[in-house]
Amino acid sequence: MSVAFNSKWSTTVFPLGTRGPDGPLAPIARRYISWLPRIVLFGLLASLLESGSIGLLIPLLSLVVDGQIPNGLPTFLHPAVGLLNTLPEGQRVLAVAFAILLLISAKGMVQAANAARIAYVEGRISHDIRTALAERILSLNYPFFLKHDGTKLVNIIATDSWRAADVVRLIFSVIISISALCVFCVMLVLLQWKLFCFVVAGVVAIRAIQSLFLRKLRKLGQAVTEDNGALSQQMLLIINSIRLIRLFGQHDREHEAFREVSDRLRGSLLAVQKATASSMPRLEMMQSILFVAVLLVASEMAMSLPETTAFLVLLYRMQPRVTALDQARLGIAPLRASVEQVEWLLGQEDDPIPAVGGRPMPETHHDIYFKNVSYSYPTGSGAALSEASFTIPYGTSTALIGRSGAGKSTIVNLLCRLIEPETGALYLGNAAISEISAGAWRRHVAIAGQDIDLIDGTIAENIAYGRPEASLAEIEEAARIADADEFISRLPFGYDSRVGLRGLSLSGGQRQRIGLARALLVRPRLLILDEATNAVDGLSEQTIMQLLLEHRRFESALVVSHRRSTLQACSHGIVIEQGRVAESGPLRDLAFYSQMEAEDLETF
Ligand SMILES: Nc1ncnc2c1ncn2[C@@H]1O[C@H](COP(=O)(O)OP(=O)(O)OP(=O)(O)O)[C@@H](O)[C@H]1O
């Protein structure tokens, strides 16, 4: 069966998100909306089979107690009674009992098939939410990560995405319970509509009392989400800063901080569990009172014993559905905060100053110009770069010189197109760099920095990260130029040695050399060395600089360093002071560099 659903309908009936039909979760909900009618139909079928089996209790009890089927039974039983009357009297009890068993086992099979279907859809939605989150994070611009705490993002993928997918299971549970309740209600009306009205009044009163507690649960759920986030943050702090904690003997302090946050989470979880647990007995108590009241009213109405029994059995079988409905509603309430977190991340827009250009990289070679470029970080206190204008001449090695906090990394970030200028622009010859596609631009710019990001793989895979198709010979050549080949060859598995996440099995200098080989392998037009050799000894650094200049696996280079021995390999220089260009031009003409030489300073 195919049913056409409009988007508004889909998210109203299938409210996966909290932000309505245009919310960020709506596309995922829409993908699976076609499963809903099948799940509802199977739910209805299971309830019909069950209520049919309960309805057959009336002829069965009448046959057992009175030996005959009375007149005036509800209309829905007429076909069954007609069929029974065609059988010999002695076989009727057995036939009804057999029919009841048949209906009960058919109901079981339909229910099991529906549970498998729901598990499938829940799994797919959960997977889709996680991949949508990963896709969103990968596509967001760099400034987003400067503004937001990494642990919050990890928590959304690791915890909130699961909790959001849990909502789907609970929503299905709500839908199936409601379908079943509808079928049961119709049966109850057909049996005795006046008594049914009495039941409805009782149920409405119970609902009103329960909704008061739902509001409280929602608040408690919010606290659980917040405390979960704080715990993840504390855990990451311990893992990332274990060296610092040991060196400064802060073990007890961090342990106490962890204990406190964990205890807070325990408390808020306990509060949710207590509230959920206390609501169930309260509900059962109210339902039992209603049950007894129905029995009394039925006897006042002089209902026959078989009819009263069938009515009460139907009511009794409704109870698990009502409980499931309540549990699902209670379960959804504390999960709303997680859904909101997932929606927040999925709904993140790209940076307002995106890399808009779609032009390919020009084939011809040009100088790179910064013209009046200014930039302030979203969380910064002032301009990191102010009206900066300078040139990185084509075919040269240019030193970028400045004290800590001067703005060198900001220039590097702009060159890598991780951030875009607020005012001013970068040019390649006459072409604004913002007009060139960011992907094409980055393929021609490679960076080797002081902190090298290594992936969990072999050394060869790490070096070839920017060019996975490179041959082993090319990888080895890049490693030789980066002065890494020798130490790699001495490792037990050579280029096939695994470095582990973040390269923990290697020294800082070894990691830097692998990073340098990775940058060289892509043969960039612009090679950026951002303190790329500060962890290697002076002698190795000179060897590396010599090899780099000899082999020239790049067209131009920008070298950020505090060491004179590194800077002197450059022909040009740019001096940055507090976000402004203090001087630029041939290196040896710079006052800053001349002073270093005059005072024979190795570092500044
Ligand atoms: N993510 C950030 N958020 C807010 N402000 C930042 C951020 N990164 C840098 N800044 C600020 O921008 C200014 C320039 O920083 P930048 O990192 O470019 O300096 P740098 O010359 O590279 O310093 P260093 O040599 O210490 O790496 C500094 O005042 C710094 O505090």
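Counting starts with 1 at the first residue shown.
Glycine is treated like the rest: Cβ placed from N, Cα and C.
TrEMBL annotations: computationally assigned, not manually curated.
Look at TrEMBL and you will find 39-325 tagged as domain 'ABC transmembrane type-1'.
The domain 'ABC transporter' annotation in TrEMBL covers 368-603.
Taken from TrEMBL, the feature transmembrane segment covers 39-65 (among others).
The transmembrane segment annotation in TrEMBL covers 93-110 (among others).
Cβ atoms under 8 Å from those of the transmembrane segment (170-189) belong to residues 14-16, 36, 39-40, 43-44, 46-48, 50-51, 54-55, 76, 114, 118, 121-122, 195-196, 199, 311, 314-315, 317-318, 321-322, 324-325, 327-329, 331-332, 335 of the same chain, restricted to positions at least 6 beyond its ends. Here TrEMBL flags 170-189 (among others) as transmembrane segment.
Proximity of distant same-chain residues to the transmembrane segment (195-214), defined by a Cβ-Cβ separation under 8 Å and at least 6 residues beyond the stretch ends, is recorded for 185, 188-189, 275, 279, 282-283, 286-287, 290, 293-294, 297-298, 301, 303, 311, 315, 322, 326, 329-330, 333. The feature transmembrane segment is assigned by TrEMBL to 195-214 (among others).
The transmembrane segment annotation in TrEMBL covers 289-316 (among others).
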Checking distant contacts: for the transmembrane segment (289-316), what same-chain residues at least six beyond its ends satisfy Cβ-Cβ under 8 A? 51, 54-55, 57-59, 61-62, 65, 70, 184, 187-188, 191-192, 194-195, 198-199, 202-203, 206
Intrachain residues whose Cβ lies under 8 Å of the transmembrane segment (93-110), provided they are six or more past its termini: 42, 45-46, 49-50, 52-53, 56-57, 59-60, 63-64, 80, 84, 87
